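Trainee: Pasting a structure here, questions to come.
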């Protein structure tokens, strides 16, 4: 089937598809019953273009406004008198929202100075740049009333009746409704009320049933997506309130809040820079400029929605929500929607092909039925006189033809993808995986390789310093006596720990006697080690002043600071990857606390200690310092050589429970797991062996060696790489790109830092860490692993496979019904001049196979068996040979049964009398429906014979099946007048059930026929 799809249906990629590709397939989908519903979960391209135009205009205006205001300021002397609005004064503040907005929006440095600078603005906002705002309920309430809350205007959620209205937009249902109206009019005129209204009311009731079931399903889906959207927007920031550091939601931020931001964070509101180092802000989302902006005391303006590219700092919040630049921009942009997934597009193509075939069959069926009636009238010689009954007959023929189109156009195919994805995404959220893009859920089922970080993903991220080499002695924390370290060495060690850090030791509100350590797990471990040595963070901080900071990033693999000491001299401290820092040292502190030159013997000894620590699966860091004299300019760079090595620490980060089992599960599923880490190669190898990633035939390589390899070497090397250590973000990007393009792997990659964004963007599935990950990484990712656990990644892969398989099951089931319903009605019309299935009956069949079938089969939970089969990969056909075997075999059986009943049914059931045709057609309809019921059960497994395993655990499937059977009984026994059925005897019910059930052993026998897996 897929090979017959026009080229446009195969151009859409899982991510980053071009607009031309998205436009192309839409133009090929001309046969659509309900465009509003069919294209609801696809990108709204006109809205996207409109939004992009508004964004460009806004960006241009914003740039011009800043430039003009800055130029105009050269000619403005002083500050015009500002009058504080009365309501602001009454609330206890000295500056209004409009004035605050104009300062940041226009980058108005003179107006800022006129208000007393950042400190003056803080005073007027009744806040402190050290302690933050008061958290008293009254104070917070007044602040919200004057300045608003940090929330953006959102479109109201769609209610149930919206989806009812949308379901009614189906063109075929509209035509059927018109037929029903005509049938009512003609019937009542000919036979009176209520007898003449039965046929028309039957169609109306069927239409309403289809509409309400469809709307209920769509409404439930919308609620699931709403919950997911709410989860995506959960972002926390560190603030100071009442003198205490705490985490709050960005939606609780208020003007006057003091926010602490680091590299990779998103600026959560408009504000002013208070204090920080090496701050680079990416403002491209607002201004369109790709060049980062350096933010400092001379340029203190920070805009909501921008990203921290480098550095760490404190900011004072001035404007929030819809008053910010980002809020104003968001208000002008309409949602363009998520890109459609490749599977959605393929199934739209399949639906289009089958729809065309169905339309042809419908037209021919109608022509044959009308021609049969006309021939009969010609034989009777009554071609010029037409009765109301004959008009009703033609109307019924037309309704049957339209209903064949309803059944033939499998509108439910692409929608089943969305239903299955919505179900899976909701369940995955419970399993600690937040899917940001629909396609990722689908693509993960085809993943052939996972490139995983080590720290926090394979390990627990609960780090502690367990060993240290200081003053040439290897010491074990908790066992060795650190008091034997010389005082001079201890003094410089504590200075290095407490001054060269991105973390903080703060008072804890709950227990003020026990300090709380804030920062990354690595920083927390080292600060905790400093406290165990008897150090005091606050005291150490007061002894010297930080002049310059270069924060740690995964490219440099080190962090540095410059301190101004009490005697006016300057000292540099450096901390980072042991080999890198040690290579920058030419001296070390010996056992007596003296600084001596590093000779070959000492270097060899220290390298042996690093290797020993690493082989024990410890993460090693080297601490070093350098006195840089009495002159240092903050504009100068921090030295990178001439350091004195203070010591080496070994940090234990245990492997997460269950990781080894998850890696084994992935391997049995044909998914290759590779570790890509910035750590020492020996540490990486030790952890990889413990996790079961590094095998005897695998290769561990370092990033610098990998990046020097030529393409021909990579072709042989890359398939064997299981560990890449000391890798830079660009090494990770290069590996991912090579796996994707050259080896045609479907690649999932994890990342947590800002520099991981290129690799996350390049990968088929980007997996960001929910705890350790930066906002920049999360924004580039397709799935956020909320608990940072590798086992969750394996669960995502299982759910991805489940989605893929479930949709295959549904497609197999629906195409079987399509084929049989089409052939039965067409062949019957051609050969007998009559259609055995009426419009009402076909509508019911359509609902069984469409909405109810999707609910039953597309929401099957995953089983462990899914991870025992090979991945589909990049080139697998969606409609496989296995599916074709099942579809054609089952269709043939059903057609033979129905055809036998049509031709031999009367004699087989000994039917006589005026109602014999109606009874036979009822038996045919009943048998046909029960064939679908049992085929639905058979479709639970496409290759296995046991289809009952876990059936009662899937409550949705059991409920759908029960409702289908129950309603079928009601239709046959009680709604005969409207549905053209006749109550059946017990023996007739038994035979209908038996013929339907026989489809199951037939399906089991078909599964024994070997076919290729493609």
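Cβ atoms are placed via backbone N, Cα and C, with glycine included.
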Trainee: Looking at 309-330, 331-352, 353-374, I want to know which stretch TrEMBL calls transmembrane segment.
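Mentor: In TrEMBL, residues 353-374 carry the label transmembrane segment.
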Trainee: Sort out the residues at least 6 away from either end of the transmembrane segment (883-902), same chain, that have Cβ-Cβ distances under 8 Å to it, and list them.
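Mentor: Residues packing against the transmembrane segment (883-902) from afar: 808, 811-812, 815-816, 819-820, 823-824, 827-828, 832, 836, 908, 920, 923-924, 927-928, 931, 935, 938-939, 942, 995, 998-999, 1002-1003, 1006-1007, 1009, 1011.
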Trainee: Are there residues at least 6 beyond the ends of the transmembrane segment (989-1009) whose Cβ is under 8 Å from a Cβ of it, and what are they?
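Mentor: Sequence-remote neighbours of the transmembrane segment (989-1009) are 885-886, 889-890, 893-894, 897, 909, 923, 926-927, 929-935, 937-938, 942-945, 947.
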Trainee: Go through the chain and flag residues at least 6 beyond the ends of the transmembrane segment (196-216) whose CB is under 8 A from any CB in it; none is fine as an answer.
Mentor: 37, 160, 163-164, 166-168, 173, 176-177, 179-190, 392, 396, 399, 839-840, 843-844, 846-847, 850-852, 975, 977-980
Trainee: Where, among 353-374, 394-424, 918-935, do we find the most CB pairs under 8 A to the transmembrane segment (171-190)?
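Mentor: By Cβ pairs under 8 Å, 394-424 leads among 353-374, 394-424, 918-935.
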Trainee: Using DSSP, how many residues of the domain 'Cation-transporting P-type ATPase N-terminal' (112-188) fall into helix, strand and coil, respectively?
Mentor: 48 helix, 3 strand, 26 coil
Trainee: What parts of the chain pack near the transmembrane segment (918-935), using Cβ distances under 8 Å and only residues at least 6 beyond its ends?
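Mentor: For the transmembrane segment (918-935), the nonlocal Cβ contacts are 813, 816-817, 820-821, 824, 836-838, 841, 844-845, 848-849, 890, 894, 897-898, 901-902, 905-906, 909, 911, 961, 964-965, 968, 972, 976, 980-982, 984, 988-989, 991-993, 995-997, 999-1000, 1003.
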